[in-house]
Amino acid sequence: MTTLGITDGRVLRPDLSVEEADVLVDREGGEVLDVGPDAGRDADERLDASGGLVVPGLVNAHTHAAMTLLRGYADDKPLESWLREDVWPAEAELTLDDIAAGTRLAALEMIRSGTTGFADMYFHVPRVAEVVETAGLRARLGHGVVTVGKDEAAAWADVEESLDVAETVRETSDRIETAFMPHSLTTVGEEYLREGVARARDLDVPVHIHANETRGEVDPLVEEHGVRPLEYAREVGLLEPEDFLAHGVHVDETEVELLAETGASVVHCPASNMKLASGMAPVQRLLDAGVGVGLGTDGAASNNDLSLLGELRDAAMLGKLAADDASAVAAPDAVRMATAGSADALSLPGGRIAPGEAADCIVVDLDAAHLTPVHDPVSHLAYAAAASDVRHTVCDGRVLMRDREVLTLDADAVRAEAADRARDLVTRAN
Ligand SMILES: CSC[C@H]1O[C@@H](n2cnc3c(O)ncnc32)[C@H](O)[C@@H]1O
Ligand SMILES: [Zn+2]
């Protein structure tokens, strides 16, 4: 066994207390061995955390990584017209190599901003998995199914592809898990949902879906089925404890209770919800009811970055507006959402720094003008720290970024290829 010591910093513990300590990591086993004063002093390799805070690696519980290629391509529109007029026509032109390049760019941005794990719903998932493996990240991946606008054969083929990906891609890496991923309750027909979800249960994979994102999606569904969207979701077999729903903006009291009873989680995406004017999720209400809540950026085209530190701030701010209460979604709640909340929602290791837990951690520099003084490091994580404050990123015991240099990807090459491909993509789409 060889060890990594993250030394001389302060460590955020699972109860969100902060203590001066080292973190000792088993590099091959990918787990935390010890947390305590001088625990890392004799380690084989050391990462200097002096002046910094050692935090669990952040977990982005809902994104579409390759949408980095569409960052800034179509802004200032609501979800439905943004998807139909801009995003879907561009996505129809994506090649496998585009998706690999966009995902690499996302991986670079995630490592730089302290994200060690993520959930991705997109296309050409085996290529996405290759990138995740090379970058050294952890992920739960799935092929997004859309059946509206397709003939029956094409719709079933899409369902089969998502199930096939869920079954096979999880075998490709110890850091990759999968899920069955129907796009939403309105873009996938009922028969496909019922059959796909039942088969996902046989494969023992969770289901990830967009749900209750906009009024434009909820109202017609209620009209058609005569029940709330999450009651319909339950009827078609969704809402098992390992399932996780993106957004959950327009949920009523019955649906909050249904989530709490079933144990399915919600992934809050505040920046995307604000940018597309989708609405404000009742996050404090969900937390009060005992619903598991994680945090996601959604794709870079509706955000427009993949920084979870930015998302933390948005979650804390928007949560107060939604509740009309300045004490709602307090700093520790937001930090918990981006760490243990997201990791638990995705059933992935990580989210807590303690012996036996996955060695997914980051060091956030606190020695910066905008982070001075440090009355409360948890407050700084929620309200003041930025992506560029992340100094080191470690996933599964491996150093992915040391002193702001990403070690697993060639940053210049990744940026150049993504910029070229994005330009060609939008030329083809237009
Ligand atoms: C079928 S793969 C995933 C699909 O989802 C689209 N998408 C991106 N952001 C959102 C969002 O906020 N709500 C719904 N769908 C979204 C993405 O462009 C892909 O087509
Ligand atoms: Zn999404």
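Glycine is no exception: its Cβ is also placed from the backbone N, Cα and C atoms.
Source: prediction; values computed, not measured.
Take the substrate site that TrEMBL assigns to E91, H183, E213: the candidate from D298, D305, D314, D324 listed for it is D298.
Here TrEMBL has H62, H64, D298 binding Zn(2+), and the candidate from H210, H380 in that same listed site is H210. The local packing around H62 (Zn(2+) binding site), expressed as other Cβ atoms within 10 Å of its Cβ over all shown chains, amounts to 28. In the structure as shown, the Cβ atom of D298 (Zn(2+) binding site) sits within 10 Å of 28 other Cβ atoms. On a Cα basis, E213 (substrate binding site) lies 12 Å away from D298 (Zn(2+) binding site). Note: the Zn(2+) site is recorded as H62, H64, H210, D298; in the same chain, T63, M121, A246, H247, V267, C269, S272, G296, G299 also have Cβ atoms within 8 Å of that site's Cβ centroid. Residues D298, taken from the binding-site residues E91, H183, E213, D298, are distinguished by a CB atom under 6 angstroms from ligand 2.
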